[in-house]
């Protein structure tokens, strides 16, 4: 490997929005990373399902295809 071209590989603290923190190593500057989901709160790892924006998607779908249903009903 060439000397003096690789970024510094330092200990970094990762903080999740759920409050969970853990330490890893990274080339990120500042020594800390903030994430929205981690293995402690992600539905895949916890086994609990969370609905994020289903209501908005359903409403958007119904608005989009309401005209089609009205034409079929006539």
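Placed from the backbone N, Cα and C atoms, the Cβ positions cover glycine too.
What Swiss-Prot records for 16, 18, 38, 41 is Zn(2+) binding site, and it gives sequence analysis as the kind of evidence.
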Quiz item: Relative to the Cβ of residue 38 (Zn(2+) binding site), which residues of the same chain, six or more apart in sequence, are found under 8 Å away?
Solution: 14, 16, 18, 20, 22
Exercise. For the recorded Zn(2+) site, enumerate neighbouring residues of the same chain (Cβ within 8 Å of the Cβ centroid of 16, 18, 38, 41, site residues themselves excluded), in sequence order.
Key: 17, 19, 20, 35, 36, 37, 39, 40, 42
Quiz item: DSSP on residue 38 (Zn(2+) binding site), three-state: which is it?
Solution: coil
Quiz prompt | Residues near residue 41 (Zn(2+) binding site) in space but at least six apart in sequence (CB under 8 A) | solution = 16, 17, 18, 20
Exercise. Based on Cβ atoms within 10 Å, give me the single least packed residue among the binding-site residues 16, 18.
Key: 18
